[in-house]
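Annotated in TrEMBL:
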- 59-71: disulfide bond (DISULFID)
- 64-78: disulfide bond (DISULFID)
- 388-402: disulfide bond (DISULFID)
- 49-94: domain 'Chitin-binding type-1' (DOMAIN)
- 127-323: domain 'NodB homology' (DOMAIN)
- 368-415: domain 'Chitin-binding type-1' (DOMAIN)
- 1-18: signal peptide (SIGNAL)
C-alpha cells in the first residue's frame with residue numbers, strides 16, 4: 001500500500017496543469033483507471049525498473065511508459081489513457097490501429113447551420129436539454145440505456161474507442177459492437193470522444209491524427225459511417241496547438257458543455273448526492289429562457305444506477321425536453337454522420353439489434369420494494385409489492401400508493417379528471433395538488449397549507465407504514481430499525 005501511495009505522488013506532477021479544470025479532469029481519469037482490476041500491480045518492484053517520460057525519454061523496445069513514469073509490459077503500463085504514448089514506442093493499446101483502410105481521405109460535407117471551428121457549449125433553442133455521456137461503452141452502459149428507454153429519453157454518447165482496458169469497440173468478439181448498435185437503433189446520437197482519450201491539445205500532430213482517424217475507422221467497421229460531432233478529452237482542443245483547425249478540416253463540430261455533474265469525483269453511494277445537488281442547482285426552473293448541454297459519464301457505476309434517473313426526473317419536472325445534441329442545435333439527423341462509400345458493414349444496421357431479452361426489459365423492476373429516482377430509478381410495475389410507486393418511494397397497490405403523490409415515472413397511477421370528486425386521503429396527502437381530501441380520512445379532517453394532515457398523526461402512521469414494509473423487505477437488525485425510526489420521526493411534513 002505504501003508503494004502505491006508513492007506511485008500516486010509520483011504521478012502528480014504530470015497531472016498539474018496551468019488550467020485547474022484540466023488538472024481535475026485528468027486526475028479523475030487517472031482515478032477511474034486506477035480502479036481497474038489490474039491497476040494495483042504497477043507498484044510491484046518499481047524501484048528496479050527504468051523510468052520514462054518527459055525529460056527522461058522512452059522505454060526500451062517492447063515496453064510501455066506508465067502515467068507515473070515507469071516502464072513495463074502489463075496492463076497497468078500499457079492501458080490507455082494512462083499509458084504515455086509518446087514514450088512507449090507504439091506499445092500502448094491506444095496505439096493499435098483498427099482493421100481496414102484509413103478514413104482520412106473520405107470527403108466531408110459542411111452541410112447544416114451548426115458552426116465549425118468553435119467550442120459549442122449550449123443548445124440554440126430554450127427548453128432543450130441534451131444529456132451526454134462520455135468515455136463508454138463500458139460495463140454500465142446497458143444500464144444507462146435501460147433507464148433512457150424506460151423513460152423514452154434520447155441522449156448523446158461520446159464514444160472512446162479503446163480505454164480502461166476494455167479492448168477495441170469494433171471487436172466483434174466483445175459486447176461493444178452490440179451495445180453501440182443498440183444505442184443507434186434506439187435513437188441516440190453517437191459521437192466521437194477520440195480513440196483512447198488522449199489530450200488532443202498536448203498531443204503531437206501524429207498522435208492527434210491517430211486519435212481522430214482510428215476512432216472513425218472503428219465506427220466505420222461497425223456501421224459503415226462515423227460521426228461529425230466530437231467532444232475532445234478533457235474538453236480541450238485549442239487553436240494554438242493546431243487541434244481546432246485540424247478537426248475543423250475534418251468536418252467536426254466541437255461540443256463541450258455548460259453543466260458538469262462532476263460524477264467522476266462522486267462515484268460512491270455516499271458521494272453521488274453531491275452530483276445530484278450540482279445538477280439540481282445548475283438547472284434553472286425557467287425552461288422558457290434556458291437550455292443545457294450536460295456532462296456525465298457512463299463508465300461510472302453511480303451514474304448508471306443512481307444519477308441518470310434523478311437527472312431525467314429533474315428535467316421532466318422543470319419542463320425541459322431531453323434531446324440529442326444534434327437536435328438541440330437544430331441540425332438535421334442526416335448531417336450527424338459521414339458515410340464511407342466503399343464499405344458495407346457485416347451486420348446490417350436495420351437488423352443489428354435483437355429484441356431485448358427478458359432480463360433487459362425487467363432490469364429496473366424493484367427487488368426490495370423501493371422505487372423512484374432516489375433508488376436508482378427502479379420501477380414498481382410488475383413487482384410483487386404492487387404496480388404503484390408512492391410519494392415516499394415504496395411500491396404498493398392500494399390508494400395510498402396509487403392516488404395522490406403517486407409517481408407515474410416509476411409505476412402505474414390511478415387517473416382522475418379535473419372537477420371530479422376529491423379522493424379521501426389514504427396516505428396523509430391532501431389538497432388540489434393531490435386531488436385528495438382529509439375529510440373522512442383516518443388521519444383527521446384538517447388539511448394543512450402544505451398539503452399534509454396533522455403532523456403528529458402523520459409521523460406515527462408514516463413510521464408504522466414504512467416500518468412494516470422495511471421489516472417485510474429486509475428483516476433488518478435492531479440497530480438498522482432504530483436508525484430508520486429516528487429518520488422517520490425526524491421528518492416534519494410541514495417543511496415539505
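Glycine too: its Cβ is placed from the backbone N, Cα and C atoms.
Feature map: TrEMBL annotations on the structure.
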residue: 59; record: disulfide bond; DSSP (3 states): coil
residue: 64; record: disulfide bond; DSSP (3 states): strand
residue: 71; record: disulfide bond; DSSP (3 states): strand
residue: 78; record: disulfide bond; DSSP (3 states): helix
residue: 388; record: disulfide bond; DSSP (3 states): strand
residue: 402; record: disulfide bond; DSSP (3 states): helix
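Closest to residue 64 (disulfide bond) by Cα-Cα distance, out of the disulfide-bonded residues 71, 388, 402, is 71. Residue with the densest Cβ environment among the disulfide-bonded residues 59, 64, 71, 402: 64, by other Cβ atoms within 10 Å. Per-site Cβ counts within 10 Å over the disulfide-bonded residues 78, 388 peak at 388. Cα-Cα distances to residue 78 (disulfide bond) place 71 within 10 Å, out of the disulfide-bonded residues 59, 71, 388, 402. The predicted model assigns the domain 'Chitin-binding type-1' (49-94) a mean pLDDT of 93. Here residue 388 (disulfide bond) is positioned 61 angstrom away from residue 59 (disulfide bond), judged by their C-alpha atoms.
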